[in-house]
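A.B. asks: Just passing along the structure, written as structure tokens.
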Amino acid sequence: MAGGIVIAASGNKGYPGKLTCKVFVTCIVAAMGGLIFGYDIGISGGVTSMPQFLKKFFPDVYRKEELNIGGTNQYCKFNSQKLTMFTSSLYLAALVASWFASIVTRVFGRKISMVLGGSLFLVGAIVNGLAKNRLMLYIGRAFLGCGVGFANQSVPVYLSEMAPYKYRGALNMVFQLSITIGILAANLINYFTSKMKNGNGWRYSLGLAAVPAVIFIIGSLCLPDTPNSLIERGKQEEAKERLRKIRGVENVDEEFDDLVNASIESKKIKHPWAKILSRKYRPQLIFVTFIPFFQQLTGMNVFMFYAPVLFKTIGFGNNASLMSSLITGIVNCVSTLVSIFTVDRFGRRILFLEGGVQMFICQVIITICVGIKFGIDGNPGVLENWYAMVVVIAICVYVAAFAWSWGPLGWLVPSEILPLEVRSAGQSVNVSVNMIFTFFIAQVFLEMMCKLKFGLFIFFSVFVVAMTIFIYVLLPETKGIPIEEMAEIWKAHPCWRKFVVDRNEKPTNVTTYEMTEDVKVETKEV
Ligand code: BGC
């Protein structure tokens with residue numbers, strides 16, 4: 001069978017239950033965790049392009065930009081490791097925090113992890129809003145990062161566990177939607193604060209991070225924990241009652257039994273970190289490592305962090321730069337809705353594949369445009385309107401592609417393929433890898449732009465090709481499969497079978513689905 005097109009689900013499992021109002025509201029509230037992450041992504045680019053902020057904390061960059069020291073080479077204008085450290089330090093903190101968050105999430109539940117995440121973020125927002133020197137800025141960033149680490153560890157898992165399996169994709173993606181709302185809100189705030197006459201606009205931008213933090217803390221305090229987590233912590237009766245409530249049906253026995261079995265399996269494992277490295281979990285380990293790696297190597301965060309800087313670099317004025325990043329923020333947000341409405345109908349693979357192709361085409365167009373205009377020496381001359389339009393449109397189409405593919409799926413797929421026994425550990429790997437490479441992009445992007453010039457986008461496009469092939473060959477479809485039944489999909493996949501099928505195990509009855517244009521279903525003994 002051609003690479004990765006077979007998927008499987010066990011027997012005729014299809015738990016009763018509907019999308020209840022309770023689950024819907026609960027998931028929306030939990031997904032607010034994405035707001036704090038998004039706010040942060042969106043705020044730093046605008047702040048680091050504000051002259052008053054640069055003058056106070058990074059005077060050397062300020063001098064270089066304002067006084068045009070260093071000649072006319074646009075590619076290198078903003079290159080400063082200290083400045084990028086401001087943006088990227090947060091992601092290092094998030095990386096470390098996610099390891100601790102994995103323990104808290106497993107032992108104390110998903111809810112505590114979320115409340116903690118919001119609280120740490122709140123402290124960071126206050127410290128940054130009051131910052132007097134660079135040290136305070138970095139300390140604030142560290143707290144914000146810890147908040148993001150805890151939230152990103154727990155929220156996607158919470159959503160995947162709460163949602164009925166048929167709607168899991170859409171509900172999980174509300175997390176990504178709230179990331180994009182956070183980014184957009186931050187872009188908007190930057191747009192207004194940058195115009196403040198008193199020179200303190202950056203303070204408002206950084207301090208207002210407290211608003212999404214408070215929303216998230218209050219929301220999480222009101223949330224119930226997931227049945228999976230209650231069972232994991234020995235609260236069986238409460239878990240069954242909770243399951244009845246969230247599924248809106250009396251008979252939840254089958255799903256409940258499966259959750260209990262998953263928990264018994266999970267209890268046998270003393271060291272989930274060591275366990276996830278074993279051969280049996282190889283497919284999960286590969287995906288929780290490579291999906292976040294590739295998500296960052298799409299190059300999306302170049303636009304999210306540095307859109308205003310980037311637009312300035314290609315010759316836009318201050319206002320036009322902030323306006324253009326606002327436009328990309330809107331496109332990002334609206335396009336996420338496309339995936340929410342399609343992911344449970346058409347599946348994950350098609351979105352991944354289409355998104356990859358679209359991003360690649362846009363990257364080629366952007367490279368050609370920037371290359372023709374700036375050449376090697378980075379001197380653009382006069383910037384015509386039509387040229388600026390082509391670049392902005394290509395960037396928007398690229399952002400849309402990411403927003404309905406790798407953006408939301410980068411959080412959904414890892415959180416739904418992990419069995420309970422390695423779920424917290426696996427999600428930590430996912431968050432850590434995501435944060436390492438978010439850090440990497442934030443830290444080296446300005447340096448890369450200075451060195452690679454217009455070839456920068458070629459660099460990312462090579463990865464886009466690689467990730468699209470990776471998905472095509474290796475990822476089975478996970479749409480419509482209950483989360484605790486996910487183990488079956490690997491057994492029917494030609495590449496993963498040999499890792500997961502226990503040679504002593506009796507053959508099981510597995511339903512295989514062949515994913516072609518229209519889905520054909522056949523059943524066979526494996
Ligand atoms: C990614 C972020 C990115 C955001 C953009 C998220 O899924 O993890 O790194 O900035 O999408 O919307």
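The backbone N, Cα and C atoms fix where each Cβ goes, glycine too.
What TrEMBL says about a protein is an automatic prediction, not a curated fact.
Annotation source TrEMBL lists transmembrane segment at 23-43, 83-105, 112-131, 137-159, 171-192, 204-223, 285-309, 321-343, 350-374, 386-407, 428-446, 452-475. The domain 'Major facilitator superfamily (MFS) profile' annotation in TrEMBL covers 26-479.
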A.B. asks: I'd like to know if the transmembrane segment (23-43) touches the transmembrane segment (171-192) in this structure, counting it as a touch only when three or more C-beta pairs sit under 8 Å and are separated by 6 or more positions.
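C.D. replies: These two stretches do touch.
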A.B. asks: For the transmembrane segment (137-159) against the transmembrane segment (23-43), do we get 3 or more Cβ-Cβ pairs below 8 Å once near-sequence pairs (under 6 apart) are dropped?
C.D. replies: yes
A.B. asks: For the transmembrane segment (112-131) and the transmembrane segment (350-374), check the count of CB pairs under 8 Å (sequence separation 6 or more) and say whether it reaches 3 or more.
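C.D. replies: Answer no: the transmembrane segment (112-131) and the transmembrane segment (350-374) share fewer than 3 Cβ pairs below 8 Å.
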A.B. asks: Can you check how the pLDDT averages out over the domain 'Major facilitator superfamily (MFS) profile' (26-479)?
C.D. replies: 88
A.B. asks: For the transmembrane segment (285-309), find every same-chain residue at least 6 residues outside the stretch whose CB is under 8 Å from a CB in it, and list them.
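C.D. replies: Tertiary neighbours of the transmembrane segment (285-309) are 41-42, 44-46, 48-49, 78, 87, 183, 190, 276-277, 321-322, 324-325, 328, 332, 359, 363, 395, 398-399, 402, 406-407, 409-410, 413-414, 417-418, 426-427, 429-431, 433-434, 437-438, 440-442, 445-446, 456-457, 459-460, 463-464, 466-467, 470, 474-475.
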A.B. asks: Which of 83-105, 204-223, 350-374, 452-475 shares the most C-beta pairs under 8 angstroms with the transmembrane segment (23-43)?
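C.D. replies: Most Cβ pairs under 8 Å with the transmembrane segment (23-43) come from 204-223.
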A.B. asks: State, in range form, which of 204-223, 321-343, 428-446, 452-475 has the highest count of Cβ pairs under 8 Å to the transmembrane segment (350-374).
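C.D. replies: It is 452-475 that shares the most Cβ pairs under 8 Å with the transmembrane segment (350-374).
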A.B. asks: Who are the long-range neighbours of the transmembrane segment (321-343) in its own chain, taking Cβ under 8 Å and residues 6 or more past its ends?
C.D. replies: 42, 45-46, 49, 169-170, 173-174, 176-177, 180-181, 183-184, 187-188, 190-191, 194, 303-304, 307-309, 311-312, 351, 392, 395-396, 399-405, 407-409, 412, 479
